[in-house]
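Below: the structure, in structure tokens.
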Amino acid sequence: GKPICGETCFKGKCYTPGCTCSYPICKKD
């Protein structure tokens, strides 16, 4: 399925593919 973006950004990075940092939470691109 599609990645779920909701983890906390770590140093401006998101480890889930297809997600970007919208501090402090990762959002879908």
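From the backbone N, Cα and C atoms, a Cβ is placed for every residue, glycine too.
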### Bond partner of Cys5 - disulfide, per Swiss-Prot - picked from Cys19, Cys21
Cys19
### Task
With a 10 Å radius around each C-beta, find which of these disulfide-bonded residues (Cys14, Cys19, Cys21) has the fewest other C-beta atoms nearby.
Cys21
### Task
Could you measure between Cys26 (disulfide bond) and Cys19 (disulfide bond) for me? Cα positions, answer in whole angstrom.
6
### Query
What's the CA-CA gap between Cys21 (disulfide bond) and Cys14 (disulfide bond) in angstrom, rounded?
6
